[in-house]
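Swiss-Prot lists 22-185 with the feature domain 'FAD-binding PCMH-type', giving sequence analysis as the kind of evidence. Under the heading active site, Swiss-Prot lists Arg165, Glu296, citing sequence analysis as support. The region 'Disordered' annotation in Swiss-Prot covers 197-228. What Swiss-Prot lists as compositional bias 'Basic and acidic residues' is 197-211. Residues annotated as compositional bias 'Polar residues' in Swiss-Prot: 212-226. Residues or ranges marked as active site, proton donor by Swiss-Prot on the basis of sequence analysis: Ser214.
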Amino acid sequence: MMPPVRGTLTQGRSLADLTWLRVGGPADWLFQPADEADLVQFLGALDPAVPVFPMGVGSNLIVRDGGLRAVVIRLGRGFNAIRIEGDRVIAGAAALDAHVARHAADAGRDLTFLRTIPGSIGGAVRMNAGCYGSYVADHLIEVRAVTREGRPVTLPAAELGLAYRQSALPEGCVLTEATFRAEAGDPAALARRMDEQIARRDSSQPTKERSAGSTFRNPAGFSSTGRADDTHELKAWKLIDEAGLRGARRGGAQMSEMHSNFLINAGGATAADLEGLGEEVIKRVFQSSGIRLEWEIMRVGELPVNKE
């Protein structure tokens, strides 16, 4: 039995249309809370043995074809407010990164690094997302969250274990809001900078394709577009190129011809196609260079049951 909710609770909901790659099986349950109080009540009443998986907009995610044996929690409109208080930008976890960057810039506050990061604020914090030399950790003050037990908490950034493309958030903890410190800037200049970032991204990344952003972490731990990485040799895309894997395919999955560290659904791909191609790239890059790439895309869920 699931606890009563004011939001939406759906059994056996396919997750494929909720991910950017458009693949994956169903969740046992999908819960979309109306607001924080609804989330607190639900988690507090939910059997502690039931796994919980917080999901953003699915921009950095492969859900395997067998689906997810968990309650997937996806925040919606009740969690996407953005407000400015002095040098602080407070954003709901469901607010899109790009919207937060634009809203802050309009108010003369600089969070422009978020403009080209796909996804929502909750995912950006969880992954310590970064671009153009800035990371969430450089600006984050604190987050609000609800623990797996249904307890609202405020956690300072220093307690989140933020590192390259990762954090140490407790399992099942659902982020609901993040507070950033943002430097002052001229709104027009900030807007121009974001336009330049978008143009640079669109000229080098397959933004018109179904992808989940960068597939593998850069081995040295630098952002693929960060200033510190512009002179660094160990870039994932370069290692993939040197292994002859630009454009490599498996089923409907492909390593992009435009940017070889982007795994795309070129049409009709399954999660198995995408993950299988990624694992093949890891294997062949290691054979070629002796360097083992690490996934940046999160992969979750079960393999499909063989019905033969």
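Cβ atoms are placed via backbone N, Cα and C, with glycine included.
Within its own chain, the compositional bias 'Basic and acidic residues' (197-211) has Cβ neighbours under 8 Å at 20-22, 112, 115-116, 131-132, 225, 256, 258-259, 262-266, counting only residues six or more beyond its boundaries.
In the shown protein chains, 20 other C-beta atoms lie within 10 A of the C-beta of Arg165 (active site). The secondary structure of Arg165 (active site), as reduced to three states from DSSP, is coil rather than helix or strand.
Note on the domain 'FAD-binding PCMH-type' (22-185): mean pLDDT across this stretch is 95. Taking Cβ-Cβ distances under 8 Å and a sequence separation of 6 or more, the neighbours of Glu296 (active site) in its chain are Asn60, Arg165, Gly213, Ser214, Thr215, Phe216, Arg217. Secondary structure counts, DSSP: the compositional bias 'Basic and acidic residues' (197-211) has 8 helix, 2 strand, 5 coil. DSSP assigns Glu296 (active site) to coil, not to a helix or a strand. Within 10 Å of the C-beta of the residue listed as 'active site, proton donor' we count 23 further C-beta atoms, all protein chains included.
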